[in-house]
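As recorded in TrEMBL:
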TRANSMEM  A:21-40  transmembrane segment
TRANSMEM  A:78-102  transmembrane segment
DOMAIN    A:78-270  domain 'ABC transmembrane type-1'
TRANSMEM  A:114-137  transmembrane segment
TRANSMEM  A:149-169  transmembrane segment
TRANSMEM  A:190-215  transmembrane segment
TRANSMEM  A:252-270  transmembrane segment
Amino acid sequence: MTEQAETGRARRRPIVRPVMLALLLLAMTMPVYLLVVNSFKSQDDILGNPFSLPLGDLTLDHLADAVNSPQYNVIRSYGFTLFLVVVVDVLCILLAGPAAYAIARSTSRRAQSLLLYFLAGTFIPGAALVIPVIYVLRSVGLANTVAGLVAHDVASTLPVSIFLFVGFIRTIPASIDQAAMIDGAGRLRTFWTIIFPLMRPAVVTVLILNSIGIWNDFVSPQILLSPGSGRYTVTTAIYAGISQYSTDLTKVFPNLLLAVAPVVIFFVYMQRHIISGLTVGAVKG
Amino acid sequence: MELAELTRRRERQAPQPGEPRRGSPRDGWLPARYRAKAVTFGLVAPSVLVYTVMTVVPVGVAIYLSLTDWNGFSDAVFIGFENYLHLFDDPSSTSAWYVTAVVAGAGTVLMIGGGMVYALLLKERSRTNSFFRTLAYYPHVISALILGFLWAAILGTNGAVNSTLQHLGIGPVGFLFEENLALVSLIGVIVWAGFGFNVVLFVAALQTVPAELLEAAAIDGASRRQTNLRVVIPMISPVVTVATVLNLVGLIKTYDLVVSLTNGGPAGATQTYSFLILARSFEGTKVGYANAQAVFLMVVCAVLALLVTAARNRQDRATTS
């Protein structure tokens, strides 16, 4: 029995693994391959031979059209999306850091229930919440404004950020705080000058988690910023553009390529941080 | 974990000598005890304010509106739980639940299964394996909306696959235009985009399985498959549980991908619950009812999230014991 199993294993292993990996390679690269090659082809060529390399009649026209498009321009939307990401990231850290510090350094029951209060926010599905958010924004006069979107995005990033920070701060010995206090530093100063620099791994995790989340978010900008505002993030620009030209593949592929490029480049450079950051964020948050 | 316990215990003894000294040199207007509390309040208040106004209040608004017949214009009339009763006899609502359940159920099973198969294949530390892991993972960082549009351009009527099939004389296959096939395509794209996350999660867990255990199994004459099924997978079952619930909660909320891949069609066959809620709200006539659906979705997500917490606690206990 065992010997049969041994030989069976010996015969099977070298075949199964390469086949499975080839399947994986094909499944994961095929869409990207199609995206790239078809961004440089004419409509007839895309419909005629979608899988071919555009060796003979490579054209940059459609990519150039997408770059210079007056409407729903993806390149132009990079700027606004990046602005949104940076503002939300900074505000989130400014708010979540001190709050997490206070919660982590307190042993009172109230601090623990405050943490639970924030954690409850991670349960709430964004699509279900965004409509009532409109009513709240309207009543505080921020409907259809970038400030309203930023406020909503910051609030949506706070729960997981605070939770990850609290977990990390608790691993930093409190004797460090006491030393700073004896030297005369107040609590806010102790946090920003002593504790915060020690939190680098947690801050990197939170920044990656929030940046990718905000960059890829579609529901909030689509619904909280009306098309009249003229402000488009990458996702809402793509949505507006493709809804209009869905049959013109010479517009679809180049625009998608432009939308994917910055994320993929960022991912290639930072993959180790991104993968660990997103995994930690999902599992612990 | 132990470090955290130590520091917390030490701190509990410390405050008495620390506390008065903390405030005394500078405060003139408040006793030290209250001043410490005021500082803590100041640290926490901004977060609490933003979070409460932008997250908790909207939940309250949703609950309130769900109990009214508001249509967006008239005065809201309180009608109790009537909207909630309709959740179960409105055909579009029940069909959206069916779609959501199929997407979440089948998607989770396939993502966990696929994730486990590839995690077992790629668990050894090597350059090749790390490359393939990254390859499986990358869709996770790209917006689901964009992935949906990409796959729509591949599977649509004049998409890459169908135009190739047409050259071979095979009529267009309705990957996105036949009701059942569209649902299968949606689940396929979800699994394609999401299983890599599980691969990474499972590989991290598999690398913590002690080598002696595998040696012992080998000495006892266990085949590779037996070792995997009887030793390795049970060892990492807490991680599998967490991944299962995470996938379920994530898929219950599926929205972006539906918008870009099928836009809910054909004939509502791929309309998930989140999609239905937002579609309803924009029709603008049944705001109260749409909010009842939203509240119901929140409750379902909360229940599932409580399962995450329970599963995670069990995992913590398993790893510390």
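Each residue, glycine too, has its Cβ placed from N, Cα and C.
Tertiary proximity for the transmembrane segment (A:78-102) is limited to same-chain residues at least six positions away from its ends with a CB under 8 Å from its CB atoms, namely 111, 146, 149-150, 153-154, 157-158, 161-162, 165-166, 169, 187-188, 191-192, 195-196, 199, 203, 206-207, 210-211, 214-215, 221, 231-234, 262. Distant neighbours of the transmembrane segment (A:149-169): 84, 87-88, 91-93, 95-97, 99-101, 103-105, 115, 118-122, 126, 130, 133, 137, 142, 195, 199, 201-202, 205-206, 209-210, 213-214, 217, 220-221, 224-225, 280-281, 284-285; these residues of the same chain sit at least 6 beyond its ends, with a Cβ under 8 Å from one of its Cβ atoms. Within the chain carrying the transmembrane segment (A:21-40), a Cβ under 8 angstroms from the stretch's Cβ atoms is held by residues 46, 50-54, 58-60, 62-63, 249, 253-254, 256-257, 260, all 6 or more beyond its ends.
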